[in-house]
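Record features (TrEMBL):
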TRANSMEM  19-39  transmembrane segment
DOMAIN    26-476  domain 'Major facilitator superfamily (MFS) profile'
TRANSMEM  81-100  transmembrane segment
TRANSMEM  112-131  transmembrane segment
TRANSMEM  137-158  transmembrane segment
TRANSMEM  170-191  transmembrane segment
TRANSMEM  203-222  transmembrane segment
TRANSMEM  289-309  transmembrane segment
TRANSMEM  321-343  transmembrane segment
TRANSMEM  350-372  transmembrane segment
TRANSMEM  384-406  transmembrane segment
TRANSMEM  426-446  transmembrane segment
TRANSMEM  452-472  transmembrane segment
Amino acid sequence: MAVGAISITPGASQYGGKITTFVVLSCITAGMGGVIFGYDIGVSGGVTSMDSFLKELFPTVYRRMIEDKDISNYCKFNSQLLTFFTSSMYVSGLITTFFASGFTEKFGRRVSMLFGGTMFVIGAAVGGAAVNLYMILLARVLLGVGLGFSTQAVPLYLSEMAPSKYRGAFSNGFQFLLSVGGLIATFINYGSEKIRGGGGWRVSFGLAVIPSSMLALGAVFLPETPNSLIQQGKDPKTVIKLLQKIRGIDDVAEEFEDITRASDASKSVKHPFKTILERRYRPQLSMAILLPFFQQVTGINVIGFYAPVLFRTVGTAESGSLMSTVIVAVIGAVCTFASMVLVDRLGRRVLFMSGGITMLVSQVIIGAIMATQLGDQGSLSKGYGYFLVILVCIYVAGFGLSWGPLGWMVPSEIFPLEIRSAGQSITVAVNFLLTGAVAQTFLAMLCHMKSGLFFFFACWLVIMTVFIYMFLPETKNLPIEKIDQVWREHWFWKRIVDHGAKV
């Protein structure tokens, strides 16, 4: 048997059904949570390179960038207060996600999305109206609360609503819409930077109200997932009718029985966070921790949060920096869409490994250029500057095909119903913890490690690609309630699962 591979059990047939307009529209509406997430990342990265934003809220950083000719290229933006502006949203999201877990399990995915969307609206409004640093930080905290609820509920909603044959594509839609949100943000940043009077950054923050309102209002009309309705003890006849509408067929007996069986098992679990620590769930718990951890140490936050800052570091002007970021965002969105198309055909493992290798090569070359051509007080030639943009695009393409969407998708599909909300909560918490940590420390790491920072992330790319090859089984095309079989057939995990299984 190949390392990490599985053979599909004959009894694990897919359920019937097709892609219906009803489920597509429901998932697009839910996916607005991804748009908001990506928009907030893109906006925060863009405004930190705007002169008007720095001059008004971070004058020390602005003076250092403009006036200090002796400071290292790698240290111009090194400010713990500036990085806290970025990381505060993820600290808030980290704390919120543990409350969101029980809320999502008890009241359903739809209500969690409604609450998350509402908090996004409030946070965006405060950010757009901000007149000082305290207001902008309050806005980031409110956005973090919305993020905690929406990232808890949306991936679960997508994976439970999607037909098993196309679950990968639907679940990857979260990352695709996240990329679309980032792309929209870069276009808005590029335009708002040119607004006279220096208030363009407020426009960038305030326009987040639009996708936030779409999520909040859309959630009012969305159906709940059949899995969640059964878990809440709703009338089985109502659930069957909904399942028939979602799948577009009358015969949904097998899927309904599997969902009911999983729900019955979940009712025996009173403390899911304690249950998930049992040995039989060790594979899923390992993935819930390691996949979001690896996703963040790919170095993507160097690009997502600070691409404009990075391009200014190597000598690109303000408008050119934002334009370069627009190009990067377009590449990311296109490749994430390609991942949606390919994930259920090629599988998760192939995309993970090919994307990891692509990112590794580009990361190493970027580090080499920064080390040999930029230096502490130098600047890149126009030719090397263009080459750097190309390399960043290649890196983002690799991430968009692999760790970007799959880092969210795989954890959302591997947990049995009884610990699904707890598992998703752990995934989100680890993601936010690492996102906040990288966001808070990146500029200081860039200042002290200089070009070595890119080789630091490259080493992690080697480790995570090997990990995927060795320890992640393939889950494509398996019904979500039957994925537990892959651990029993995996060369490594089967010893742990069999030993930990209850008789």
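Glycine is no exception: its Cβ is also placed from the backbone N, Cα and C atoms.
If you look at the transmembrane segment (170-191) against the transmembrane segment (452-472), you find fewer than three C-beta pairs under 8 angstroms, all six or more positions apart, and that falls short of contact. With respect to Cβ pairs under 8 Å, the transmembrane segment (384-406) is most closely packed against 350-372, considering the stretches 112-131, 203-222, 350-372. When Cβ-Cβ distances below 8 Å are used as the criterion, the transmembrane segment (321-343) is approached by residues 42, 45-46, 49, 168-169, 172-173, 175-176, 178-180, 182-183, 185-187, 189-190, 193, 303, 307-309, 311-312, 351, 389, 392-393, 396-402, 404-406, 409, 476 of the same chain, each at least six residues removed from its ends. The stretch in 81-100, 203-222, 452-472 that contributes the largest number of Cβ pairs under 8 Å to the transmembrane segment (426-446) is 81-100.
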